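Structure record follows, encoded as structure tokens.
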Amino acid sequence: MATDHGCPVPGARAALLLLADGRFPAGGHAHSGGAEAAVAEGRLRDAGTLAEFCRGRLHTTGLVAAALAAAATSGADPLGLDDAADARTPSAAQRAVSRRLGRQLLRAARAVWPAPALDDLAAARPRGVHQPVVLGLTAASAGLLPLDAAYAAAYDCVSTPASAAVRLLGLDPFQAAAVLAALAAEVDSVAEEAEGAGRRALREGPAALPAGSAPLLDLGAEAHAGWAVRLFAS
Amino acid sequence: MHRDGPEVFPERYTASVEVGERALRVGLGGPVGSGKTATVAALCRALRATVSIGVVTNDIYTREDADFLLREAVLPAERIVAVETGACPHTAIRDDISANLEAVEELEEAVGPLDLVLVESGGDNLTATFSRGLVDAQVFVIDVAGGDDIPRKGGPGVTTADLLVVNKIDLAPYVGADLERMAVDAAAQRGALPVLFTAVKQPGGIDPVAAWVGDRLAAWRAVRT
């Protein structure tokens with residue numbers, strides 16, 4: 001486990017790179033983070049609109065996910081956090097996707113960073129727990145700190161639509177990477193805010209977690225789930 | 001408040017499952033249009049009377065292959081599931097097998113116990129192979145119309161698949177494919193690994209492939225007993 005004075009255990013920094021790597025085999029590659037629906041609606045067209053899309057996602061659902069993850073890493077009850085994630089995810093399609101991705105991450109995490117807490121979570125919620133909650137517990141199992149988990153969640157929230165946009169739009173991959181680089185300072189601030197929220201949630205309960213939402217993402221997710229033909233699962 | 005069912009989801013990843021405790025998983029890969037779905041359909045028809053089968057399809061665009069199998073009524077609908085691959089079919093069968101593992105396990109939970117699960121890849125290139133974490137054996141399907149130089153070109157699918165099927169040999173005269181050359185090239189690439197030349201849509205065309213799968217099933221069951 002991580003030590004309490006902010007200094008991760010040996011190997012923790014590399015573990016964070018592994019966890020945040022888009023190639024970590026936890027099912028994320030088949031999801032666009034809402035980008036496919038936004039492309040179809042004409043809201044996501046190029047590097048500029050990708051940056052706006054990612055920024056909107058980061059400060060709404062991204063902050064919520066990062067706070068849930070940080071709270072889970074710091075030891076808040078994962079089942080309570082799972083309920084809190086339900087309450088903060090108005091779209092039924094998104095709730096289903098989040099649980100499915102949580103289940104897939106849990107499978108990978110149990111193989112990569114085995115820990116009793118992960119086994120207990122799988123036994124308690126066999127149909128899956130929301131992905132950010134699993135991410136937080138995975139981070140703890142990897143010896144990471146709550147802030148690390150918040151970073152992984154916040155970065156995932158912008159990197160998923162960015163890599164999907166490269167495939168969907170034929171977007172220049174250098175431009176997509178530049179969009180992510182330009183968002184780095186905002187990822188920092190969201191991760192830090194999320195860590196604080198996670199600490200409050202540990203003290204005061206899950207009601208202290210942020211509840212930002214993005215109605216267009218919710219509507220897009222609902223519509224996308226009903227498409228007959230699509231490239232991405234969400 | 002949760003909609004979680006009472007059943008326990010299989011939490012383990014494939015490698016930790018005892019051999020013989022689950023269905024044999026056979027992957028079918030190969031280039032676009034070589035006859036993967038036709039092979040799956042013919043295998044289901046040939047084996048379904050004696051073997052309990054499920055099918056997982058991987059499409060670039062959601063459910064095309066699954067819908068074809070449903071229209072052909074090769075299996076009851078609940079035994080066929082489609083995995084969405086996010087524009088990268090090879091990733092879903094090799095680099096990140098999460099969604100496919102889930103689909104296989106959910107199939108076994110819903111309609112099991114199964115003897116055999118066929119995992120069909122989306123049409124892909126010659127480098128696409130299945131992870132050993134997902135399938136126990138893999139079949140690579142190419143066809144004579146795709147060019148008789150494919151065995152010579154090699155690639156992981158051609159060289160390492162447990163079975164190489166060269167399909168549509170009935171078309172060889174029309175596309176100028178040299179079957180003997182293909183056989184020599186395939187043998188050079190594959191050594192002792194088997195190669196079957198057939199046309200799976202012709203009467204009896206699936207029989208050698210079905211026999212090969214039958215042998216794998218017998219070996220799989222032998223471990224269990």
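Every residue gets a Cβ built from N, Cα and C, even glycine.
Where the annotation comes from TrEMBL, it is an automatic prediction and has not been curated.
Features reported for this protein in TrEMBL:
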- B:Gly30, B:Pro31, B:Val32, B:Gly33, B:Ser34, B:Gly35, B:Lys36, B:Thr37: GTP binding site (BINDING)
- B:26-195: domain 'CobW/HypB/UreG nucleotide-binding' (DOMAIN)
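Of all the binding-site residues listed here (B:Gly30, B:Pro31, B:Gly33, B:Gly35), it is B:Gly33 whose C-beta has the fewest other C-beta atoms within 10 angstroms. Taking the Cβ of B:Ser34 (GTP binding site) as reference, residues of its chain lying under 8 Å away and at least six apart in sequence are, in sequence order, B:Gly123, B:Val141, B:Ile142, B:Asp143, B:Gly146, B:Asn167, B:Lys168.
Least crowded of the binding-site residues (B:Val32, B:Lys36, B:Thr37), judged by neighbouring Cβ atoms within 10 Å of its own Cβ: B:Val32. Annotated GTP site B:Gly30, B:Pro31, B:Val32, B:Gly33, B:Ser34, B:Gly35, B:Lys36, B:Thr37; additional same-chain residues within 8 Å of its Cβ mean position, judged by their own Cβ, are B:Gly123, B:Val141, B:Ile142, B:Asp143, B:Asn167.
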